[in-house]
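Written below as C-alpha cells is the structure these notes are about.
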Amino acid sequence: MRQHVNPLSRFFQLPLELPAPHELFEHPNLPIHLDIGCARGFFLLELAAMQPERNHLGVEIRRPLVQAAQHDRDRQEQHNLHFLFCNANISLEAWMAALPPDQLQLVSIQFPDPWFKQRHRKRRVLQPALLLAIAAALHPGRHLFLQSDVLAVIEPMVALVELSNCFARPKDDPQPWRSSNPLPVATERERYVQEQGQPTYRVLFERTQAELPALRDLEMAWQQVDNSKDAAPTPHG
C-alpha cells in the first residue's frame, strides 16, 4: 500500500540544491526524461535500460524509496539513470531553469498520491508554479505525460495544464483519454490496475509556442475551476 506524506510539512518545505546533469550522468549532454514521483523506481530502471539514448531522472518525496531505487541503479551500473529525493514543488524549478536549452524533452507524472479533495489542493504534486517551470523548460514539441487510475486526481491536473494554454494534445490523439501508454514500460501501479481490469486515464500534452501566463492569474483560474466543481449540486435519485 502506498504511504502518503504531507508535502506541506516543514521538513519537506526545505529547498534542496539538486546536482547538475554532469554530477548525475555519465553522458550529461544527452536529452533528459524527468519522472516526477517515481516511487520505488522500477519503471525507470526498466525504461533506462531500453533507452540508452536518453538520461532519466526520477524524483520522489519518500526518501527510503529513493535510497532503494538508487541502490538498484548502482548495482546494475545504469549510468543514464539517477534518483533524487526532493519535494518537486520546492526544489525542481531552479534545477530545470539551469538546464541547457532543450535538454529536458519529456516530463512524466504517473499515478501521483490522490490528494483529490479541494481542501488538499496545495498538497497535489502538479501545482501552478511547477507546471510553469516545466513549460519554461520544455521547448515547443516536447511532451508532458500524465496518467492516473483516479479521475478525481487526473482531472484537476488536466484542467490546470489546459488553463495554462502552454500545451495542446497532439493532433489526432484520442480524447478525453488515451487508451495506450506512449511509453514502452508500464509502472507497477499501471500493471496492477490492468490486472484488476480497471481503467487508466492518460493524457499526452505537447508544448506549444504560447508564452507563459502570470503565475497569479493561473492560480486564480485554477482555484475558480476547483471551487466550481465543489459547488456543483449533487444529483438526487
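Glycine is no exception: its Cβ is also placed from the backbone N, Cα and C atoms.
Database features, via Swiss-Prot:
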- D35, E60, N87, D113: S-adenosyl-L-methionine binding site (BINDING)
- D113: active site (ACT_SITE)
- K117, D149: substrate binding site (BINDING)
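Overlay of Swiss-Prot annotations on the structure.
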{"residue": "D35", "record": "S-adenosyl-L-methionine binding site", "DSSP (3 states)": "strand"}
{"residue": "E60", "record": "S-adenosyl-L-methionine binding site", "DSSP (3 states)": "strand"}
{"residue": "N87", "record": "S-adenosyl-L-methionine binding site", "DSSP (3 states)": "coil"}
{"residue": "D113", "record": "S-adenosyl-L-methionine binding site", "DSSP (3 states)": "coil"}
{"residue": "D149", "record": "substrate binding site", "DSSP (3 states)": "coil"}
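Sequence-distant neighbours of E60 (S-adenosyl-L-methionine binding site) (same chain, 6+ residues apart, CB-CB distance under 8 A): G37, C38, A39, G41, V66, A69, F83, L84, F85. The C-beta environment of D149 (substrate binding site), restricted to residues of the same chain at least 6 apart in sequence and closer than 8 Å, consists of F111, R189, E190, V193, Q198, P199, T200, Y201. Annotated S-adenosyl-L-methionine site D35, E60, N87, D113; additional same-chain residues within 8 Å of its Cβ mean position, judged by their own Cβ, are I36, G37, C38, A39, V59, I61, R62, A88, P112, V125. Its own atom aside, the Cβ of D113 (S-adenosyl-L-methionine binding site) has 20 Cβ atoms within 10 angstroms in the protein chains shown. The Cβ neighbour count for D35 (S-adenosyl-L-methionine binding site), using a 10 Å radius over every protein chain in view, is 24.
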